[in-house]
Amino acid sequence: MEVCYQLPVLPLDRPVPQHVLSRRGAISFSSSSALFGCPNPRQLSQRRGAISYDSSDQTALYIRMLGDVRVRSRAGFESERRGSHPYIDFRIFHSQSEIEVSVSARNIRRLLSFQRYLRSSRFFRGTAVSNSLNILDDDYNGQAKCMLEKVGNWNFDIFLFDRLTNGNSLVSLTFHLFSLHGLIEYFHLDMMKLRRFLVMIQEDYHSQNPYHNAVHAADVTQAMHCYLKEPKLANSVTPWDILLSLIAAATHDLDHPGVNQPFLIKTNHYLATLYKNTSVLENHHWRSAVGLLRESGLFSHLPLESRQQMETQIGALILATDISRQNEYLSLFRSHLDRGDLCLEDTRHRHLVLQMALKCADICNPCRTWELSKQWSEKVTEEFFHQGDIEKKYHLGVSPLCDRHTESIANIQIGFMTYLVEPLFTEWARFSNTRLSQTMLGHVGLNKASWKGLQREQSSSEDTDAAFELNSQLLPQENRLS
């Protein structure tokens, strides 16, 4: 197959503002057909740092146009990559002359999804694929394949798997689950498009985020798979349910900026304005997922009504992960359990259970073994503290749990388990009283006890240091000098 690497010069088929034209890596407006499916391979064009939509897709075009809102108000600021890295117009707080714009010493250049796919995919090298699993052969070794045989094990080590796959855990694991659940055959999916879709998802996670990155997405997807295997769900879910659940799990934190919703609101971030300060991040994750679904053309062979239904239901799943709405979903779930009227043959009830399953998967870190849970705790705390450092630097007021000088990992985790994790997983165990549910609750108890032990040690150490300092101050000057 011959590929033209030169960008075609096409006339603009709509008025485009000058600030968009001047933006490097902005939207590619094209009159040609979709990227895949062009009758002439020379019509393929490289993505220029953003999503390239067909000119007729007004909704998708609008979604990506939103990314240019920042350009109008931040002249002179150079973005490191596209996406939702939070931008604050600090001229509100300081004059332009007082701002010091620091440039990262590490120049991170995002390899565009099609570009990376073009270089690495076996399909573009003309290699025939006779089995759906053969697509995995070039990407990870026998150890990773061996791990995938135990992908339904709750002790699955996603950190080890990510190392074995050279940082491609989300692509490798999700593709395997699509094959394992028979989704490729059932929905007649083009493996090339599926592969490209998963690569784009993985790339749109920010690897520099300590916690909200592609590894977290892979971990949540693996947990979701475990829940789908539970008897009550396994006997009732349809292939459609499984498809939506896996896509929602893989994309539930897509393009996460590494800061929380209150940060975006108090800095007047354009996403907060767009979504009216309501489930800001979750709405953005959902809309980003919709953009990639449309760009990849993975389900272009399905009827329009089915595609629209898919987008809506994926949105409902992702929006359920908004931690600020935990009590709302938990109360509804608990009331159904109290009445005993959950009927999994009812699509609405089944969808509620899938929402609760994704919520559990999203915050299941304390339910893992101590070795895994501790790593996740350290990573999420690092991300919290990084946000707190930014807030201190620009005098924004440090958000709760984000001050590294007053908070500790132990305190944060104990509170998280007590007020969020235990109530959620207790109700999940009422719904699905299985060995896995009891194992998860058991891990929560053990991990909480471990953090309390570390908390006591830290408190004892601080008391000892304080006493030593006090004694040193009380000693006569000559004794201290001697």
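For all residues, glycine too, the Cβ spot is worked out from N, Cα and C.
The active site, proton donor annotation in Swiss-Prot covers HIS212, and the record cites similarity to another entry as its basis. The local packing around HIS212 (active site, proton donor), expressed as other Cβ atoms within 10 Å of its Cβ over all shown chains, amounts to 24.
Residues near ASP362 (divalent metal cation 1 binding site) in space but far in sequence (CB under 8 A, at least 6 apart, same chain), listed by position: VAL220, HIS252, THR321. Following the DSSP three-state reduction, the secondary structure of ASP362 (divalent metal cation 1 binding site) is helix. Annotation source Swiss-Prot lists divalent metal cation 1 binding site at HIS216, HIS252, ASP253, ASP362, citing experimental evidence.
Long-range Cβ neighbours of ASP253 (divalent metal cation 1 binding site) (same chain, at least 6 residues apart, Cβ-Cβ under 8 Å): TYR205, HIS212, HIS216, ALA217, VAL220, LEU281, HIS285, THR321. Swiss-Prot lists ASP253 with the feature divalent metal cation 2 binding site, giving experimental evidence as the kind of evidence.
Look at Swiss-Prot and you will find 136-458 tagged as domain 'PDEase'.
Taken from Swiss-Prot, the feature phosphoserine applies to SER84, supported by sequence analysis.
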Residue among binding-site residues HIS216, HIS252 with least C-beta crowding, 10 angstrom cut-off: HIS216
Cβ within 8 Å of the mean position of the Cβ atoms of HIS216, HIS252, ASP253, ASP362: remaining residues of the chain near divalent metal cation 1: HIS212, ALA217, VAL220, ALA249, HIS256, HIS285, THR321
